[in-house]
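J.: For reference, the structure I am asking about is given below.
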């Protein structure tokens, strides 16, 4: 049954009003290699999926799930082209403030809140001190999650030169990660091969040796420690100049935070300052981990040589969560309530993703394509119930019948 004529075929699961309540239950799992791409240390590190579509993916346009030739998939390309034209009209009619200014102002406000946060930590009273922890925690995640995410997609500015500057600042100085690996793994792989087994299937977020409660509620506290350790390990895959730059930025970011806690906030010992750093940097680590798994894992998975075209891939394999004031501010709309829109048009800013959301949702529903939405609590309960199936065992490959 073609997708244009009804809901997608999902063996072992079902979709009701766009909400996913099950996952595919078909055997088999591919382990494709990443053909035709270049690692971050090579000469093609600047190649990113920043247009309306990423570059040609594995098997893209060569083989359909039913073995049909490429010409049979042209209607799907027409759907993406039609939707892109609708979105481009909105983008062209939008002001600079709508395209970039709103998100830049949120990041700027976060910087302005830093002095207040550090000064609140000087207080011996509980309420001002906790206010300082909350302020620094929210600011940290706004800069490291929202800022880094927008910078990795060049969505902060239309200048290529400034995009590189902001990417180094937010990803390396604030987030303690290397730009080359962050953009390669997230933009080139995750966005280019969303929910494709062995590539963009979000498997990097899985720790199968942990039980469900440790993973969901305790392990996120280690994110501030694990992030720089993973980044250091990945430096082996980049050129020495990039590695040296990353090390300098990582050290500068950590030292500035540590120095401000000692000399502005008035911490008396290094260990108390380091403990405060850990607390503030892990304040929103739980929703950070949860959001990254809720919006992809548990949705249809595909083999690299049998994945559908882009519009079907993103409508099937991406899910939106409801709006939340705290997470909207700290993580951005493109990671929360507009994740489908973000995966379809990754170079748009958070505010623009929110602006095109009615157009995208209406278009997908009009064409009888999935538009997955679910609540945070519903996804949390789903993952607690089916943790072994979703996070421990290898996900099954979805066989979509009749996509032509």
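Every residue gets a Cβ built from N, Cα and C, even glycine.
What TrEMBL says about a protein is an automatic prediction, not a curated fact.
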J.: State the residue range annotated as transmembrane segment by TrEMBL; the candidates are 150-172, 173-195, 242-264.
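T.: It is 242-264 that TrEMBL annotates as transmembrane segment.
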J.: Looking at 213-235, 282-304, 305-327, 328-350, which one is transmembrane segment according to TrEMBL?
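T.: When 213-235, 282-304, 305-327, 328-350 are checked in TrEMBL, transmembrane segment belongs to 213-235.
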J.: Can you tell me which parts of the same chain pack against the transmembrane segment (104-121), counting only residues 6+ beyond its ends and a CB-CB cutoff under 8 A?
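T.: Residues 128-129, 131-133, 135-136, 138-139, 142-143, 146-147, 156, 260-261, 264-267, 276, 329.
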